[in-house]
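Visitor: Quick paste from TrEMBL:
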type	residues	note
ACT_SITE	143	active site, proton donor/acceptor
ACT_SITE	147	active site, proton donor
BINDING	8, 9, 10, 11, 12, 13, 39, 87, 88, 89, 111, 112, 113, 114	NAD(+) binding site
BINDING	144, 153, 154	(S)-2,3,4,5-tetrahydrodipicolinate binding site
DOMAIN	3-114	domain 'Dihydrodipicolinate reductase N-terminal'
DOMAIN	117-246	domain 'Dihydrodipicolinate reductase C-terminal'
Ligand SMILES: NC(=O)C1=CN([C@@H]2O[C@H](COP(=O)(O)OP(=O)(O)OC[C@H]3O[C@@H](n4cnc5c(N)ncnc54)[C@H](OP(=O)(O)O)[C@@H]3O)[C@@H](O)[C@H]2O)C=CC1
Ligand SMILES: O=C(O)C1=N[C@H](C(=O)O)C[C@H](O)C1
C-alpha cells in the first residue's frame, strides 16, 4: 500500500482521488481553507506540509491544486525527501524552473493529463502531424465553467508535440479580419457546464479532414492515473519523470 498525501484535497480532483483510492491509502490532505478533514482524511495547511509528510509517514504526494500551492508542497517534498506527482496545470516559466529544482532532490512526475487515452492521443498527433505535413491544424479544448487556466495544460502539451514536428505559430481565437496564415494553428478554449475535458486536433487538407479527439467522461480517470503514477514513483532516484513512462511500464 502506498501512503499518499493529496494536495488540493478539498477540490474537484481532490475528491476524485479520495474516491479512487483504497480505504487507507490517503493519509493526509493539504488545502488552505479551514476544513479539518475531508471524508475522514485530516487536512493540513500547505505551509505545514514538510512536518506533516514526516508525521503521517507519507510515501508520495499527489497534487491537483493551484500553481502556487503546488510549488509550496513540492518544495516541502524536496525538504522531506518525498516523491511528488504534479497534476496542477498553468505554471509560468518561474514555476516550471522551481519544479525542476525540486526534481534535483526527489522524484517528480508531472503530467498535464493523467488519462491513458491522452497519452495515446499525443503519440497519434505526432504521427499525423509528421505525415500530413501540409495540412492545416486547429486545436480545440472544452472544459467545465470553473476552470481557471486557458488553454488547458493538455492543449499546451499537444501544442508542444505539434511544434516538435512542425514550425507552427499559435493564434489564440480569431476575431475581425483574420485571414489564416499557412503556418498558424488556431487554438480555442471553450468553458461550459461540467465538461470533464475534451480535446480535438483537426488536420485538414483540401479534400479530406482528419479529426483526432479525446473525451474524459469522469474525473476518476485522471485520479486513477495519478495514483498509478504515485505507486510507480516510490523508490526511484531523484529526477523528472513523465506519465508516458508509467503507461509503458
Ligand atoms: N493532470 C491532470 O490529469 C488533471 C489536472 N487538473 C488540474 O488540477 C488542478 C485542480 O483542478 P480542480 O480540482 O478541478 O480545481 P479545484 O478548484 O476544484 O481545486 C483546487 C484545490 O486547490 C486548493 N488550493 C487553493 N490554494 C491552494 C494552495 N495555496 N495550496 C494548496 N492547495 C490550494 C483548493 O482548496 P482550498 O481553497 O481549500 O485551499 C482546492 O482544494 C487544476 O490546475 C487542473 O487544471 C485537473 C484534472 C486533471
Ligand atoms: O481542469 C481540469 O478539469 C482539467 N485540467 C487538465 C488540463 O488543464 O489539461 C486536464 C483535464 O483536461 C482536466
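Cβ coordinates are placed from backbone N, Cα and C, and glycine is handled just like the others.
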Visitor: Less than 6 Å between Cβ and the nearest atom of ligand 2 is the rule; apply it to the recorded positions 111, 113, 143, 153, 154.
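Guide: With ligand 2 as the reference and 6 Å as the Cβ limit, the list reads 113, 143, 153, 154.
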Visitor: Closest of the binding-site residues to residue 144 ((S)-2,3,4,5-tetrahydrodipicolinate binding site), Cα to Cα, picking from 8, 12, 39?
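Guide: So, spelling it out, the nearest of the binding-site residues is 12.
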Visitor: According to DSSP, collapsed to three classes, what secondary structure does residue 143 (active site, proton donor/acceptor) have?
Guide: strand
Visitor: Enumerate the residues of the same chain, 144, 153, 154 excluded, that satisfy the criterion Cβ within 8 A of the mean position of the Cβ atoms of the recorded (S)-2,3,4,5-tetrahydrodipicolinate site; list them in sequence order.
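Guide: Other same-chain residues with Cβ inside the cutoff are 89, 112, 113, 141, 143, 147, 149, 152, 155, 197.
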Visitor: Could you round the CA separation between residue 8 (NAD(+) binding site) and residue 153 ((S)-2,3,4,5-tetrahydrodipicolinate binding site) to a whole angstrom and send it over?
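Guide: Residue 8 (NAD(+) binding site) and residue 153 ((S)-2,3,4,5-tetrahydrodipicolinate binding site) have their Cα atoms 17 Å apart.
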Visitor: Given the recorded positions 143, 147, 154, tell me which ones have a C-alpha lying within 10 Å of the C-alpha of residue 88 (NAD(+) binding site).
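Guide: Passing the 10 Å Cα cut: none.
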Visitor: Kindly state the mean pLDDT of the domain 'Dihydrodipicolinate reductase C-terminal' (117-246) in the predicted structure.
Guide: 97
Visitor: Where ligand 1 binds, which of the recorded positions 39, 143, 144, 154 are close by, with Cβ under 6 Å?
Guide: none
Visitor: Taking 10 A as the limit, how many CB atoms besides its own sit near the CB of residue 147 (active site, proton donor)?
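Guide: 17, counting other Cβ atoms within 10 Å of residue 147 (active site, proton donor).
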